[in-house]
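In TrEMBL this protein carries:
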- A:26-47: transmembrane segment (TRANSMEM)
- A:77-95: transmembrane segment (TRANSMEM)
- A:107-128: transmembrane segment (TRANSMEM)
- A:149-167: transmembrane segment (TRANSMEM)
- A:288-310: transmembrane segment (TRANSMEM)
- A:322-344: transmembrane segment (TRANSMEM)
- A:365-388: transmembrane segment (TRANSMEM)
- A:408-426: transmembrane segment (TRANSMEM)
Amino acid sequence: MTAGPPPPLPLAHGVGAQHDLPLSPFYAYAGAFTALLVSFLGLALLWSSSRFRGDRAGIPLPAGLQRLTDARATRTALRLLGAALALFFLAHLLLGPDDPDRNPAPGALYVLLWVGLVPASLLLGPVWRLLNPLRALLSVRQPRAPRPIHSAVGIRPAAAGLLLFAWLELVAPDNTSRAVLLTALAVHLAVQLLGAARHGADWFAHADPFEVYSSLLARLSPLGRRADGKLVLRSPFDGLDSTPETPGLVATVCVLLGTTAYDGLSDNPRWITTLQTSSLGPTATATLGLLAAVALAAACYGLCAGTLRLLNRDLATPLTSFAHSLLPIALGYLTAHYFSLLAVEGPRTVMMAGGTDNAPSPAPPLGPAGLAVLQVAAIVTGHVLGVVAAHDRSVRLFPPARAVAGQLPLFALMIAYTLGGIGLLIA
Amino acid sequence: MNRPAPRRRTAPLTAAALAAVLLLAAGCGDRPTTHHKPGTGHEQGTGSGGTLLAARDDSGHRLRDLPAADAPTVRAEARPDTEGGWNVHLAVERFRFTPESTGGGALAGRGHARLLVDGRETARAYGPWFHVPPGARTLTVRLYADDHTAWSVAGAPVETTVPLASASSAPSTPASASPSAPPSPSSAPARTPDPTPTGRTLDIRVTGSTVTPAPSRVELKKGERITLRVTSDRPDTVHVHGYDREATLTPGTPAALTLTADRTGLFEVETHESGLVLTQLVVR
């Protein structure tokens, strides 16, 4: 009464005031045990000749639906929707209060876009490709003679972009302030638009981190495109199997795994103590921690690929051949770490965008036990999907006599990732 | 500050959208105002209940005297709220809250209450329940008639005073018909309240960027109470995320923050200025 309202809170770690409870050992052990059991059962019982047919599989959707989704009007409408949402975001960012509790812009970026793209892409396919406001911007003035992108580039620029975004979300100080967000946006726009001016809209498929992220997650969607261009319903395994082995796929997957793992680590009190007492300062230490997490994920994968190469000299590209099987594991990590953020902060952001000032956080949809089950189930499901995808790829690439032995390094890797993922949820 | 320049190509569209957003924002920003119906202004009326005295209370309102047998009484009871401040309940006798006729003539047994926090009038109560935000030390509740005169008995306003500083207190001071001096700031309890903590107490000391004991996790059962006693070597604010509780840190003086862990989750206790995580509350 006598004192004024409290000053706006500078949140040091993105959006959201509540973290998930650490996992109780019971759920952790149950999850780890299931993962191990399924891995060895899979090794023993799964099929011995490849079953997945990648982009040749799928049941075509009815012709009317095909025409509707491919219609020029639908595409234009989606472009306009994406552009309108981007302008709405920009207007809030520029004109709204510089306070994440009152401005929906930070939540729109860190929650609705980053986390919301996961379920959207899983259900509907590569949605960001259709909504991407940068594509709308480019369609206003197409570059006259776009140069093709060198084949060695692949999706490496997007991997770098994803790493930078993760740094912004998990490490950067004041990452919900207008100044920081505008700087990040300016850098993003500059890189994307300069690239697109040179290479045309194709650049976004290689370099826009959100588009690549959405397109990779969409590999697990039941909706997809067959090789003949038809929109089909298909098994997520077939979609996963058709993941193009572009350069940078391994890097992208390792960035997703490593940064999500770092998100789990950053809640650990020991890591917090390290950050606060480090002589380098918290930001530099956190940056090193983030890079180390990505490097660790990549090193484990490199080690595994090296072993695969030793087992089968004919395997030309051991690194990229199995990278797709890590996507479900990354998806499991993402779900386990960000589910409650989306469920709690997502509606709050929408309420704020709808005009509610300082909207209250809705109650979490799951109790502690329900959330623990969901987290463990997500990680174990990701693991199982990964094991199955790797198994199928392995029986295709290895001669039958060595197929089982050939999978062992991958199994070891996946078990390491999964136990690590569960371990980080306990920490 | 870098502004995203490449948006220029869509300037007309952007401008239109911005204008629309501005219009929307302008429409929502107005603060509500109180409107008085004709004849219900704030001027003191000349109602019929009781005897209007020449004496005034400390906020300048004339007193309206009633015999003790007819005069209203008030008792206040304050309980600490789990999110800070106090929930106050007024028990009144021979009195009814009549917000609908405020500004009208005085009738015995009708009117409203005024709340004085640390001797300063801050709000009115038109009903028995209200909340007092943290930071208050004493609360005085005085009963007024609809015409904004203060009900009094033998020249003393009908009022009650509750000390709020101590967290353990839920004292109810019965209203006496005898005059009670308005609480002066000097009579208020010490600046740093020292609540008798219910539940566990956690002592944390912040020196520079060193937190002692090192940040760890405090496991709490849902519904348990915990008191954080934080001593910092510089002025700062300590904040419990999720519960949105804050306490001001004065260098060298421990500040105490008591809360009931009524939401499950992992919540960080942080300082604002130095941005240090002091501890994490794990509420299951």
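Yeah, the Cβs are placed from backbone N, Cα and C, and that goes for glycine too.
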Long-range neighbours of the transmembrane segment (A:288-310), counting only residues six or more past its ends (CB under 8 A): 163, 166-167, 170-171, 250-251, 253-255, 257-259, 261-262, 265-266, 271, 275, 280, 318-319, 322-323, 326, 406, 409-410, 412-413, 416-417
Cβ-based contact of the transmembrane segment (A:365-388) with the transmembrane segment (A:26-47), 3 or more pairs under 8 Å: yes
Range from A:26-47, A:107-128, A:149-167 with most C-beta pairs under 8 A to the transmembrane segment (A:408-426): A:26-47
